[in-house]
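Below you'll find the structure, written out as structure tokens, and then a few comments.
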Amino acid sequence: MASLLDRYLRNISDKSQQNLASVAYLASLDHLLHAFPSIGQSIVQELKSQRSRLKMIASENFSSLSVQLAMGNLLTDKYCEGSPFKRFYSCCENVDAIEWECAETAKELFGAESAFVQPHSGADANLLAIMSIITQKIQSPAVQRLGYKTINDLPEQEYEALKAEMAQHKCLGPSLNSGGHLTHGTVRMNIMSKLMHCLPYEVNLDTELFDYDEIAKIAKEHKPTVLIAGYSSYSRRLNFATLKQIAEDCGAVLWVDMAHFAGLVAGGVFVGEENPMPYADIVTTTTHKTLRGPRGGLVLAKKEYANTLNKACPLMMGGPLPHVIAAKAIALKEAMTINFRKYAHKVVENARTLAEVFQRNGLRLLTGGTDNHMLIIDLTSLGVPGRIAEDMLTSVGIAVNRNTIPSDASGQWKTSGIRLGTPALTTLGMGSAEMEEVANIIVKVLRNITVRSNAESGSSKSEGELSEGIAQEARQRVADLLGRFPLYPEIDLETLV
């Protein structure tokens with residue numbers, strides 16, 4: 001049987017029309033299918049799977065083939081603990097060049113004073129941010145006050161006392177039910193809650209918006225060392241000038257987690273007081289989601305934190321992933337183009353179109369709409385748990401995720417809502433007309449779900465049903481959309497057996 005690459009080249013005989021990234025990608029698949037068939041087939045099946053669903057999980061996107069190819073090379077074999085030009089290993093000059101370029105690109109793209117590009121994930125970036133703040137604002141002053149040069153010089157008793165003191169400092173962040181993230185410290189199972197005394201702030205239950213006066217009141221009462229702003233399920237923008245003032249009034253460091261909306265900052269959608277960069281002391285982000293890069297994280301900060309961040313090893317990190325840093329650099333360069341700016345604006349336009357259609361059809365959205373890339377549907381009036389809505393939409397080829405809503409009585413497993421996002425569909429080239437169609441499909445599915453409880457195991461094991469007619473119609477409409485907007489159209493899936 002001819003290889004995937006052979007068939008691709010045969011179908012596109014005009015060399016000027018051949019895509020080098022596709023050639024490289026197909027060649028790598030050919031090798032894996034031959035040398036490690038089970039792994040190769042799983043990759044092919046995942047490609048087929050992602051091509052056969054409308055990806056509407058707000059935290060997911062599609063990276064370019066260039067980004068993917070940058071991760072598949074011998075850079076993965078290089079150990080390079082430390083920071084550029086200050087490594088614990090020799091022969092790192094090429095990795096130094098890549099990491100330096102990546103950091104400089106990040107600084108230029110976001111207008112940051114410093115950039116640390118090594119974190120393996122958003123969670124790692126957040127952990128590094130809080131550890132850097134603790135080191136800079138609590139540990140170092142205490143060590144100096146005690147008359148020592150470094151923390152390693154402290155006698156055991158004084159070291160233990162300092163650790164106890166650090167754990168008493170307060171961190172104020174958004175609760176999980178109000179749209180915050182696990183790593184914002186308000187979930188006790190997460191390590192962040194064990195590093196400081198973490199306190200939550202909530203959205204107003206009537207408006208479902210963050211109440212800055214209430215946040216200021218809590219901050220004034222508790223005087224946190226750190227004020228966290230950001231979200232993973234909140235459909236509006238934040239005013240970072242106001243949040244900065246709240247932080248300054250109580251003497252707190254302002255840390256912004258922009259993992260979800262970094263691409264909207266890079267693309268010039270969030271500007272002025274909606275752009276965290278001029279106001280935050282430290283900003284963390286993932287490089288996937290709206291940035292369309294590889295899975296990874298970044299920490300952007302004021303200059304005073306640069307030295308601490310560059311000592312992430314040994315603070316909390318070991319060896320970085322230079323092959324992923326190379327891919328981050330490519331994604332950041334892609335985000336500096338005019339096409340990316342157009343993309344970022346289209347992401348929000350598409351989300352607003354979805355919201356309009358949902359509301360026109362009687363569905364309730366948290367906060368009454370969206371100003372960013374996501375929206376959350378409150379399913380309470382439909383009597384459909386988020387878990388079942390997720391399952392039923394998945395069954396017709398639409399990937400969303402269940403999501404809690406403020407004061408959610410259903411808990412974090414069942415939930416009373418679902419979260420949807422437009423980054424991936426916008427990457428495929430879909431626009432307002434397609435969003436109308438997608439929203440109408442979702443409305444029809446949600447309104448035709450029948451929930452049946454399992455009497456033996458209780459309501460938590462209830463299941464959803466959808467008539468075959470409704471399901472088949474939805475699948476066909478989804479297939480029609482995906483047929484017009486295929487993932488990686490330069491790769492012919494018919495050749496992927």
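Along the chain as shown, residues are numbered 1 onward.
Cβ coordinates come from backbone N, Cα and C, glycine included.
Remember, predicted model here, so these are calculated numbers, not experimental data.
Quick look at what Swiss-Prot annotates:
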BINDING   L176, G180, H181, L182  (6S)-5,6,7,8-tetrahydrofolate binding site
SITE      H288  site 'Plays an important role in substrate specificity'
MOD_RES   K289  N6-(pyridoxal phosphate)lysine
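Swiss-Prot feature annotations superimposed on the structure.
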{"residue": "L176", "record": "(6S)-5,6,7,8-tetrahydrofolate binding site", "Cβ within 10 Å": "19"}
{"residue": "G180", "record": "(6S)-5,6,7,8-tetrahydrofolate binding site", "Cβ within 10 Å": "26"}
{"residue": "H181", "record": "(6S)-5,6,7,8-tetrahydrofolate binding site", "Cβ within 10 Å": "24"}
{"residue": "L182", "record": "(6S)-5,6,7,8-tetrahydrofolate binding site", "Cβ within 10 Å": "16"}
{"residue": "H288", "record": "site 'Plays an important role in substrate specificity'", "Cβ within 10 Å": "26"}
{"residue": "K289", "record": "N6-(pyridoxal phosphate)lysine", "Cβ within 10 Å": "27"}
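The (6S)-5,6,7,8-tetrahydrofolate site is defined by L176, G180, H181, L182, and by the 8 Å test on Cβ atoms against their centroid, the other residues of the chain that qualify are P174, S175, G179, T183, H184, T186, V187, N190, S232. Across the fold, the C-alpha of G180 ((6S)-5,6,7,8-tetrahydrofolate binding site) and the C-alpha of the residue listed as 'N6-(pyridoxal phosphate)lysine' stand 16 Å from each other.
Across the fold, the C-alpha of H181 ((6S)-5,6,7,8-tetrahydrofolate binding site) and the C-alpha of H288 (site 'Plays an important role in substrate specificity') stand 16 Å from each other. If you take the Cα of L176 ((6S)-5,6,7,8-tetrahydrofolate binding site) and the Cα of the residue listed as 'N6-(pyridoxal phosphate)lysine', they are about 19 angstrom apart, rounded to a whole number.
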